[in-house]
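Student: Can you keep this structure in mind? I'll have questions shortly.
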Amino acid sequence: MAVTSSSSSQPPAASQPGHFKRLWAYLRPELSSFILAMVAMGVVAATEGIIPKVVKDLLDQGFGGEYAGKLWRVPAMLVGIAVVRGVAQFGATYFLSLVSNKVLLNLRMKMFERLLQAPAAFYQRNTAASLINAVIFEVNQVLQVLTGVFITLVRDSMTVLALLIFLFYTNWRLTLVVAVILPVIGFLMSRINRRLRSLNREHQNLTNEAAYVVEEAAGGYKVVKLHGGEAYESRRFNAMTNRLRGYAMRMAVAGGLNQPVTQFLAALALSVILAIAMVQAQANQTTVGGFTGFVMAMLLLISPLKHLTDVNQPMQRGLTAAEFIFGLIDTPIEPQDGGKHIDRARGDLRFEHVTFRYGPDGRAALDSIDLHVKAGEIVALVGPSGSGKTTLVNLLPRFFEPTSGRIVLDGDALADLSLQDLRRQIAFVSQDVVLFNDTIAANVAYGARDASEIDMARVRRALEAAYLTDVVDNLPDGVDTNIGDNGSKLSGGQRQRLAIARAVYKDAPILILDEATSALDSESERQVQAALEALMQGRTTLVIAHRLSTIENADRIVVLEHGQIVEAGTHRELLDRDGLYAGLHRIQFATQ
């Protein structure tokens, strides 16, 4: 995958024609606007070739004979050319911007949709900063290719073509000298090209790493401040930005060679042309107007040639960004597998010989798990850190797929069920609360397509079950109050209870609780524990517990160690066995 925080991970090197071909697929629906932009740029280019022709005719014929009486046409033609050129330039910019912004929208939506469809392993491989960078920054790099760079390529290429036609028409011998120079320029540019693309790719990876450093420092600001980590974070970011500066300077050196090399070759060509023109003038093979028009066209040719050579560096940045973009778009989506639909499951779960490894060579996080959870049963999962509790519950909504074995819901393997239907059967409350920068009602009813689909009476009941009504009623806008980034306007306990209210609103037959009362004070914990116990009634519930006092009333407690089930039974049965659970219980209550 292209988007990664590791500088060692690079996107697959695809060919430039491959990138352009894929971009063309996004351009094709806007073909009419694209053609209008091309026509407008062609008009702009054509006006460049007319000006030297007017000057040539003026010098050769304008100071005598019949043409002298028509000199008023010259300023009129110049004004007319300026008007036509201005209108065409506006049209080209407008229509191409129209196309590029629609392409930008489609690319961003495609990338974001692919992010939403990516498997959980994708989010473990990539940092949030690198994904944000890809969707926001990298697409803008491609936008530069589609606007400024493309305008330069098309308009200035047409201008060069128009001027070359005039040059051949005026003096083909002198034009051949120019034609000799162009392949030399092209060869030099191709050599610089390869260097620029390599540097751009490394620069892109380092940019992702720098963004990740900022994300960590900003997200963990409390730890940074309490532990005096400001100097460490500053040194870390300084080291990263210095590496970025080094690559930026190498890119500047490689890109900076374009202009002086082009200008030197242009000056050399002009010197040779002047020498040949003087010889032709002595042999009456050229006129004053012809030579002046030729030199003028040559001078007009330098500017678009310069633009064409300068466009190389941003174009390479855009093509490198395209590698990242298409790398993300090509990310495999979650396997959908079977299409069997279920309305509401009973909640009977079976884990049959389930083994799971993180990576092909990793240690087994789960090893031959056999577990039957009856419909409506409350099963607590306990064990030391790293024993496999979280991994086990992550397999249920198919965030990950078992390495071997299978999980069965109501007699059907999870792989045979519609993934969307399966996840509708599961509500999840974690100690790591995730809330959205939206209203309280929208967070409780998360998943509703729009505000009109939210059942406000149901939201109210969910808030009551989570003991949040008093808090919400005291807010200025009630359930329509915006809670800020990840609920930043709420206290830790209020955030946890809002997550519980979301699970209550969903009313799923299967409930997963991962230390759901960990962030609550004693009073709130008693209230929410009572609400959770009511919520768990009639639902299949898996509870991950670190505080054993919260799961004493579970129907069954399953103890895991090193990815295996080592004990199972009720709280009293496990204490009587005096095994691992009893040991954990003694340690925990001794510290209390």
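Backbone N, Cα and C atoms are what each Cβ position is placed from, and that goes for glycine too.
Because the structure is a prediction, the values reported are computed rather than measured.
Swiss-Prot lists 31-51, 76-96, 134-154, 161-181, 261-281, 288-308 with the feature transmembrane segment, giving sequence analysis as the kind of evidence. Taken from Swiss-Prot, the feature domain 'ABC transmembrane type-1' applies to 35-317, supported by sequence analysis. Annotated domain 'ABC transporter' per Swiss-Prot: 349-587, in sequence order, evidence recorded as sequence analysis. What Swiss-Prot records for Gly383, Pro384, Ser385, Gly386, Ser387, Gly388, Lys389, Thr390 is ATP binding site, and it gives sequence analysis as the kind of evidence.
Walk me through the surroundings of each of these features.
Tutor: Remote same-chain residues near the transmembrane segment (31-51) are listed as 77-78, 81, 84-85, 88-89, 91-92, 95-96, 98-99, 151, 154-159, 161-163, 165-166, 296-297, 300, 304 (criterion: CB distance under 8 Å, separation of at least six residues from the stretch ends).
If one looks beyond the transmembrane segment (134-154) by at least 6 residues along the same chain, the residues whose Cβ comes under 8 Å of a Cβ in the stretch are 2-3, 23, 27, 38, 41, 92-93, 96-97, 99-101, 103-104, 107-108, 111-112, 115, 204, 207, 307-308, 310-311, 314-315, 317-322, 324-325, 328.
Long-range Cβ contacts of the transmembrane segment (161-181) within its own chain (Cβ-Cβ under 8 Å, at least 6 residues beyond either end) map to 45-46, 48-49, 52-53, 56, 265-266, 268-269, 272-273, 276-277, 280, 286, 290-291, 293-294, 297-298, 300-301, 304.
Taking a C-beta cut-off of under 8 angstroms and a sequence separation of 6 or more, Lys389 (ATP binding site) has the following same-chain neighbours: Leu381, Val382, Gly383, Ile544, Leu560.
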Student: Calculate the per-residue pLDDT averaged over the domain 'ABC transporter' (349-587) and state the result as an integer.
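Tutor: Per the prediction, mean pLDDT sits at 88 for the domain 'ABC transporter' (349-587).
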Student: Of all the binding-site residues here, Gly383, Pro384, Gly386, Gly388, which one's CB has the most other CB atoms within 10 A?
Tutor: Gly383
Student: Return the count of C-beta atoms lying within 10 angstroms of the C-beta of Ser385 (ATP binding site), excluding that atom itself.
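Tutor: Step by step: centre on the Cβ of Ser385 (ATP binding site), count other Cβ atoms within 10 Å, giving 7.
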Student: According to DSSP, which kind of secondary structure is Pro384 (ATP binding site) found in, if we only use helix, strand and coil?
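Tutor: Looking at the DSSP assignment, Pro384 (ATP binding site) belongs to neither helix nor strand, so coil.
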Student: Which has the fewest other Cβ atoms within 10 Å: Ser387, Thr390, the binding-site residues listed?
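Tutor: Taking Ser387, Thr390 as the binding-site residues, the minimal 10 Å Cβ count falls on Thr390.
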